[in-house]
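Visitor: Below you will find the structure I want to go over with you.
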Amino acid sequence: FPFLPLHSQILCLVIMLFSTNIVAQSQQDNRTNFSCPSDSPPSCETYVTYIAQSPNFLSLANISNIFDTSPLSIARASNLEPMDDKLVKDQVLLVPVTCGCTGNRSFANISYEINQGDSFYFVATTSYENLTNWRAVMDLNPVLSPNKLPIGIQVVFPLFCKCPSKNQLDKEIKYLITYVWKPGDNVSLVSDKFGASPEDIMSENNYGQNFTAANNLPVLIPVTRLPVLARSPSDGRKGGIRLPVIIGISLGCTLLVLVLAVLLVYVYCLKMKTLNRSASSAETADKLLSGVSGYVSKPTMYETDAIMEATMNLSEQCKIGESVYKA
């Protein structure tokens, strides 16, 4: 820029370097090959993973809207109850998509309605959680400005995916699930989560054993069957619902046991008191008989009719005590 002042030339060089750095970063492809295999079917039904996030994506309804699918299909694939719409933050879901070739790369093309404040980069990294990138979106929508999008228009967002090759199908690999690698992940952890072979994961993604360079980038997880995902991380939500119920039931059972114990003790004491009274009455009777025996040879036993006649049917006139009558 010889015609510009020196400070303007310096500014232009800085801007060019900055722009070149951004473009270089945006063009940096991950090492996972998402090209269309020559021996794979032209399209296939497969799955991408999605992590439930607040505030807008903690329900199956909201997530299904941005993937243009039904909540039921996500629930079935993710081992959830059909009516279980509420999710927990960081819960892993499987979203069914149709994968096919666009140009020479494999994508699941999803139609997305632009909202206030959306840009290619924002939607790719936030709503679709790096399942795509803004450059792939721009390549598919060349007439649109990445940062000045009319509200309400439909934009196609290509999500990275891939269909199994014939060789993989022969090895009984049914799906190549797209998963965005997290900073805390390792091959062993991810293979356990999806029921995949660590060797197959490393073979499909060119990172060797160290996947640090794959952080926040989509990778492919080869599986022979659809994984059975945990319903929620560490059963957080279920535990949160059941714990108060379990505590309440435990307290209720404890209280019931205490009440029954007190009742049994009361009944036992009442019975013992009755037995003591009976024993006391028998003892009193024995003492009376013992005292009488000094004056008579033996007690005289009377018939009931004779007693009733002698006491005028236990009349009050004959009563000389609480239960003693004269005859």
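Here, residue 1 is simply the first one shown, and the rest follow in order.
Just so you know, glycine gets a Cβ as well, placed from its N, Cα and C.
Heads up, here are the entries from TrEMBL:
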SIGNAL    1-24  signal peptide
DOMAIN    43-102  domain 'NFP/LYK4/5 first LysM'
DOMAIN    106-160  domain 'NFP second LysM'
DOMAIN    175-223  domain 'NFP third LysM'
TRANSMEM  245-268  transmembrane segment
Visitor: Mean pLDDT, the domain 'NFP second LysM' (106-160)?
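Guide: Mean pLDDT for the domain 'NFP second LysM' (106-160): 94.
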Visitor: Please list the DSSP helix, strand and coil residue counts for the domain 'NFP/LYK4/5 first LysM' (43-102).
Guide: 15 helix, 24 strand, 21 coil
